[in-house]
Structures are given as structure tokens and as C-alpha cells.
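> Here it is, the structure in full.
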Amino acid sequence: MPIVRASFFGVETLRTSCRPPMMSSLKSALLPAFARSDAPSRETLRRSMARERATSKAEIERPRLVLASASPRRVTLLAQIGVTPDALRPASIDESARRGEMPRALVTRLAKAKAEVARDQIANDRDLADSYVLAADTVVAMGRKILMKPMHVEEAMATLQLLSGRTHKVQTCVCLITPDDRIRTKIVDTRVRFRYINRSELESYIASREWRGKAGGYAIQGLAGCFVQRLIGSYTNVVGLPLTEVVGLLNSEKFPIQYNWLRYAEVDRV
Ligand SMILES: Cc1cn([C@H]2C[C@H](O)[C@@H](COP(=O)(O)OP(=O)(O)OP(=O)(O)O)O2)c(=O)[nH]c1=O
């Protein structure tokens, strides 16, 4: 089925729609080959549960959340707002940028791909089929140049030299797939200015190995915090998950985000 875009409180929403009435016969012949469905094409447990939920009058139990991520930072950030995913389903996908692909397009494509892989993985899992699925992708960019996770020491050095004394942008796209397979995405930008990093600091930072597995070759929540002269926007966005926007997305899709907050007071009293 075709995909249409609609604006929902400023958040991009992709959902399946009915076939447009004026479709040429050529287009309708070609469409099945090119169309990408938001949902797995075959009938799955997830689909039948979504149908049941739509018609059921019975009270529905607490919704489950699957985090499509291997990033310990994302688990920690969710824990900070009292959310513990019911399962982790990291998606192993090719994260390289396509020729000429801009940072916004890249993070959106990757966050959606991660979420869709996880959604398809759980589609017939008895315990998780009707879960919400959350994924994110973070990149560091300087203008049009995307600074990926450095693969080796030389690349990490070059990346940090580029960031030294300049301002760059950190962009994260969050993707949420609801149990009835609506796909919602939100991109968040943060501007970060690094002070000048001298040679000896640079070498010590590289030796620390903290740059490994981090977009742009640094972790603001670690040693590199002392390189940051100015930050405009969301701090948690830089670490990998913009919490304000994640809560906004989950709330707007009726995921009970405050579920665990009520327990905090009980813990306090002990
Ligand atoms: C800039 C920056 C990035 N990062 C991390 C966040 C992300 O884990 C990583 C960006 O790579 P991502 O590809 O977004 O995430 P990931 O591969 O680590 O995990 P997954 O795809 O399984 O969710 O860089 C920091 O931890 N601190 C920082 O300051």
C-alpha cells in the first residue's frame, strides 16, 4: 500500500493509506513491485493482535516496549526517565551513507530501518508481538560532511582535529512504531562548539579509546565533556536519545510513560 505523509503536532507521521482513486493502469501494475508497506506483508501475530485490540472492549494490559538498540547509552537514558524496555532487539544494518545523502535523510532512513528490522523480528513472538518499538540513529555533521563512527585511530584523530575549535551539529532521529504499525519519526538537532584541542590532549583522548563506537569520535558524557565550550539544544540528543522528544512521542501514542514514576516516592520512603 502507498505511504502518505501527514503532519501531527509537528512530528512527521508515515502511515498506510487507501489506494488513490485516479491511478493509471501502468502505475497500478508497477506499484506492488515498488511499494513498501509499513507492516510485514504476511499475516503475523502482531497484526492479528492489533486488530483484536482495535475491536476489544476488555482492559488492555500495560503495553510493552522493545528497544531496537545495542547502545548502552540509550538504555541508560531511558532508565533516567523510568522506562525499562521489555526487550532489546538491536538491528544489525549497513549504516553507511548513500552518495550525496544529507545527514537528515541518513538519520531518518537508519532509525526507521532499525525499528522496522526489530518490528519484523518480534512480529510472531508470543511475548512481544504487540510491543511498541523504539529506535534511534545519531550522526555528527559539519555542514554537509557526515562524521561517522571512526573505524581506526587515524580516522578518530582526523575527526577530532576537524571538530577542534569549531561548531558542529549532532542530529538524532527517533523512530517509534506503534503496535498497530504506525511509524512516527522525530529529528532533533543540537549545536556543539568545541574549544581548541591541543596535540597532547588529542593523543591522550585517542589513547583513552573513548571515541570507539561513537558518532563523530567522541562522547560528550565522558572525557570529551571538557572540550565543549557551548551547546545549543538538547544534551541527551548528543548522547543518543533526546529525552524530551522521546517522551513527547510516547505520550502522544498513549504509552504510559509515568507508570514507574509513581513508584519513585515509595523507594524514597525506605
Ligand atoms: C556524539 C556522541 C555520540 N554517542 C554515541 C550514541 C550512539 O550510541 C552512537 C551513535 O551511533 P548510532 O549508530 O546512532 O548507535 P549505535 O550503533 O551505538 O547503537 P544502535 O544502532 O544499536 O542503537 O554514538 C555518545 O555516546 N556520545 C556522544 O557525545
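Backbone N, Cα and C atoms are what each Cβ position is placed from, and that goes for glycine too.
Annotations per TrEMBL:
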- Asp137: active site, proton acceptor (ACT_SITE)
- Arg73: site 'Important for substrate specificity' (SITE)
- Thr138: site 'Important for substrate specificity' (SITE)
- Gln221: site 'Important for substrate specificity' (SITE)
> Counting other CB atoms within 10 A of each CB, which of the recorded sites Thr138, Gln221 comes out lowest?
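Lowest Cβ count within 10 Å among the recorded sites (Thr138, Gln221) is Gln221.
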> Can you tell me which of the recorded positions Arg73, Asp137, Thr138 is spatially closest to Gln221 (site 'Important for substrate specificity')? Compare CA atoms only.
Arg73
> Write out the long-range same-chain contacts of Asp137 (active site, proton acceptor), meaning residues 6 or more apart in sequence whose Cβ is under 8 Å from its Cβ.
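Within the chain, Asp137 (active site, proton acceptor) has Cβ neighbours under 8 Å at Glu95, Leu106, Val107, Leu110, Ala111, Lys114, Thr172, Cys173.
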> Are there residues of the same chain, six or more positions away from Arg73 (site 'Important for substrate specificity'), whose CB falls under 8 angstroms from its CB, and which are they?
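The list for Arg73 (site 'Important for substrate specificity') reads Gln221, Val239, Gly240, Leu241, given in order along the sequence.
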> If you run the three-state DSSP split on Arg73 (site 'Important for substrate specificity'), which class comes out?
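The three-state answer is helix.
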